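S.K.: The following block contains the structure, expressed as structure tokens.
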């Protein structure tokens, strides 16, 4: 009993004074010890209420938004022993996110969140409205690193020139909204950008030729707009770029030689534009490419043999359909051992199909050569047809045929390519 009392006393002393004789235990930091800045909390409530509706009572529902009553879409961090909002996402991004009201307001209190690093709006702006006053956005210039507007058809008008004042931005995503007009050249002031997306809007006019300083940019997506004119030569200075998507615009002219300087590029998608003048010889120098999509551009009577496709050994997707290409299918294509998709359809290709060499490509899972002037006999094996299924098309080649036994065989005729006549 005496020993039990002795050890209990030792335990009590260790709790009171610590192992090293300290007179107090370490402090625990929580929302009680680090309260939220009062003005910050009120600004947050008012800003969210403007988007959600006046019936939303933030102080009653979420009395401690950075602590024990967190708001979905709100993240906080501590500055000078006080909690401040650092991330704010509005709209039904997640199942339990706060939905935006059809009569929302962008209140000035939003721009009082001075430590905000990330701000995103998803499916919030449905009714037509112009983005908030230009001068308010400069309040975010010191800290904002990510700004996203996704699926907001009611966001109309031009992108404000003051967007270029947000020089800390690393990610600017303006995806599937109602913006129109020309891109402000001030976006090229955003030297820290790694991702720049303006896809799915109604932007028009020429792309500003001012990208020289964006050395850190990894992703540039301007697809699904109405941009016109030629490609800026300053694209060649985007030395870190991994993905360039300019598809579905009204761009025209020759492909600039400067594209060949993009040595880290993995995706180049220029489909559905008006480019002409043939394939740029420098494209074959982008040996990092895994996806090259140039389909539906009137490139003219370009001979495919003039390009050494074998140099682009990392290609997985190659789509050159509807380009007016002529000549034979180059044998250098058969060196692309990683190729899974090859689209050569609806061109003016002639000559024989290198069946055995194409079949030898180990990863090939889709081959489209329909709509050309190819001749001779298809010499693919039944195993190839079984593998490809309907992902192989060779129809609309008037002088192309398939072996008679392929058509006559009851066990194989279901594999024979549609629209290819039997050889006689």
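Cβ coordinates come from backbone N, Cα and C, glycine included.
Just lifted these from Swiss-Prot, have a look:
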type	residues	note
REPEAT	141-166	repeat 'LRR 1'
REPEAT	167-190	repeat 'LRR 2'
REPEAT	191-213	repeat 'LRR 3'
REPEAT	214-237	repeat 'LRR 4'
REPEAT	238-263	repeat 'LRR 5'
REPEAT	265-286	repeat 'LRR 6'
REPEAT	287-311	repeat 'LRR 7'
REPEAT	312-336	repeat 'LRR 8'
REPEAT	337-360	repeat 'LRR 9'
REPEAT	362-387	repeat 'LRR 10'
SIGNAL	1-21	signal peptide
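Context for these features, please: burial, neighbours, distances.
M.R.: Secondary structure of the repeat 'LRR 1' (141-166) per DSSP, as helix, strand and coil residue counts: 5 helix, 12 strand, 9 coil.
Here the repeat 'LRR 2' (167-190) has Cβ contacts under 8 Å with residues 120, 125, 128, 141-161, 196-208, 210-214 of the same chain, all six or more residues outside its ends.
Residues 167-185, 219-235, 237-238, 245, 251 of the same chain lie 6+ residues outside the repeat 'LRR 3' (191-213) yet bring a C-beta within less than 8 angstroms of a C-beta in it.
Confidence over the repeat 'LRR 4' (214-237), given as mean pLDDT on the 0 to 100 scale, stands at 98.
Remote same-chain residues near the repeat 'LRR 5' (238-263) are listed as 199, 207, 211, 214-231, 269-283, 285-288, 293 (criterion: CB distance under 8 Å, separation of at least six residues from the stretch ends).
Long-range contacts of the repeat 'LRR 6' (265-286) within the same chain, counting only residues at least 6 positions beyond its ends with a Cβ under 8 Å from a Cβ of the stretch, are 223, 241-259, 292-300, 302, 306-309, 311-312, 314, 319.
With a threshold of 8 Å between CB atoms, the same-chain residues lying at least 6 positions outside the repeat 'LRR 8' (312-336) that come near it are 266, 271, 284, 286-305, 342-354, 357-358, 360-361, 363, 368-369, 374.
With helix defined as DSSP H, G or I and strand as E or B, the repeat 'LRR 9' (337-360) counts 5 helix, 8 strand, 11 coil.
Within the chain, the repeat 'LRR 10' (362-387) has long-range Cβ neighbours (under 8 A, six or more residues past its boundaries) at 316, 321, 329, 337-353, 355-356, 393-403, 406, 412, 415-417, 419-420, 423.
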S.K.: List the helix, strand and coil residue totals of the repeat 'LRR 6' (265-286) as derived from DSSP.
M.R.: 5 helix, 5 strand, 12 coil
S.K.: By Cβ distance under 8 Å, which residues at least 6 away from the ends of the repeat 'LRR 1' (141-166) in the same chain are close to it?
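M.R.: That would be 114-131, 134-135, 172-190.
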